[in-house]
């Protein structure tokens, strides 16, 4: 048998097979061990990574906490409280009003202008605003204040840079925030945006709508006029949104709703109102008559046309602009005249006083006011016949004499009523609203100085046929005729009985060689006569007054000069003397009686 037969080969394989199997298992075990070791190493590395991440995370939390605490401490040390921020921002904010244009009245935000019945006043405002952070209070010697300022400036200039404000609504009250104290609402028609950089001037032009509560505003204006600043308690309820535009997107930063602003915290009412009140007072004080015409009326009274000197409305307020063609409509003025104490308490129901429409120029200068007056008699008894204890005159006599004395003032009260004439006068204030103003304001006292000087009223005094002689019982007697001529060129009349002088009293002082030697007292009322004349050259009205001098109760002031005067009369037949006359005249008019006092005049005359 051959040794290399197939059978032998198979036997050899079978013999060798057990010997080969243990080597394969050992290799497999080695591979498994390697894999286990690799897995363990990977697990260990993963665990170390997790531990490292955990440590880093915990360390990050600690660092962030420390950093957060540091930031909080920094903010606490550098960022002032909210109330300090608000107060100090007012100090660094600068505002200048360039133009305040009253556009007119509207029914609502979307409507056109309607000056007849509009409820909202549209106002166009041009103003400038800028921030001067150097004005932050206390930075000169307080490091905390400087840190606070630097923080606010950094946030404003580097972070915010610009902001915008939507003025949704601002409701203002005087007193508690209830309806009865409401002054009005202000609504913004467009956002207002400005730059927060240091001393960067922002030119702002925007429109607002104002819906006033007239009756309450008038009450507040009265407080200003009466300088009653202590009772002012003006607050505003703010509804506004502060936002920023970035990348074409709007980001709301702060929404203020029901935020209360107390205006006395930022405004000194007495200081800010001083200039406007002074301007208004100067305007009233400057009112004077430019022309005055009096004529008889068909109702047995008088009609008076009064033209005031052109006045300036709020002169010097260059920033205020009125709508072109604006006017004040026909207004009927209800008048009360002063009583004995000078208080305007006597109503005059028979007086009708109204102004013609007043055109308000754009420059507010040279505004012409014309008043038409219709008055019938008789006037109230308390005006004509009540005797005032301080001077035994009636209130009417006191008024007339004050008018004729350029050094005296007269206080009267007036309340207006709008007269609807059916013509579109483009009124500055809608008629119904203006009527509400007048009714709420009621009677407004006005003190004025009427520039109607009595010296201009007296044209000439004369004494004719004056004789000086010794009478019975060695009493000095003076007789003659006194004539007075009064300039009534303002009075258009052809009647003789509408105005007349019935009696006079007073005193005449006589001078010789500039020495007062004799006085003629007329303590009792003396009958007189008067006549209406018309100047032949001008046609102007005059009044001639005449009364007889016949008095034995002379007062000798200088006996020596009296002797010289009588000697001249004795040897020359006459002498020239100078006289000063001061008389009171009792008038009877279609309106009732009154007394003119202190009518003074002088002249020269011959004495025989």
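Each residue's number is its place along the chain shown, starting with 1.
Placement of Cβ uses the backbone N, Cα and C atoms for every residue, glycine included.
These features come from Swiss-Prot:
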- 1-21: region 'Disordered' (REGION)
- 27: phosphoserine (MOD_RES)
- 55-75: transmembrane segment (TRANSMEM)
- 115: N-linked glycosylation site (CARBOHYD)
- 141: N-linked glycosylation site (CARBOHYD)
- 169: N-linked glycosylation site (CARBOHYD)
- 407: N-linked glycosylation site (CARBOHYD)
- 425: N-linked glycosylation site (CARBOHYD)
- 449: N-linked glycosylation site (CARBOHYD)
- 453: N-linked glycosylation site (CARBOHYD)
- 527: N-linked glycosylation site (CARBOHYD)
- 580: N-linked glycosylation site (CARBOHYD)
Problem - Distance from residue 407 (N-linked glycosylation site) back to residue 169 (N-linked glycosylation site), taken between C-alpha atoms, in Å - result: 51
Exercise for the section: Compute the C-alpha separation of residue 407 (N-linked glycosylation site) from residue 580 (N-linked glycosylation site), stating it in Å without decimals. Expected result: 21
Fill in the blank from the handout: Taking only the CA atoms, the spacing between residue 141 (N-linked glycosylation site) and residue 115 (N-linked glycosylation site), expressed in whole angstrom, is 56
Handout entry: glycosylation sites compared (141, 169, 527) - highest count of Cβ atoms within 10 Å
Key = 169
Handout entry: Fewest Cβ neighbours within 10 Å, where candidates are the glycosylation sites 115, 407, 580
Key = 407
Completion exercise
residue 580 (N-linked glycosylation site) to residue 115 (N-linked glycosylation site), Cα to Cα, whole Å, comes out at 61
Problem - Cα-Cα distance linking residue 527 (N-linked glycosylation site) and residue 115 (N-linked glycosylation site), given in Å to the nearest integer - result: 61
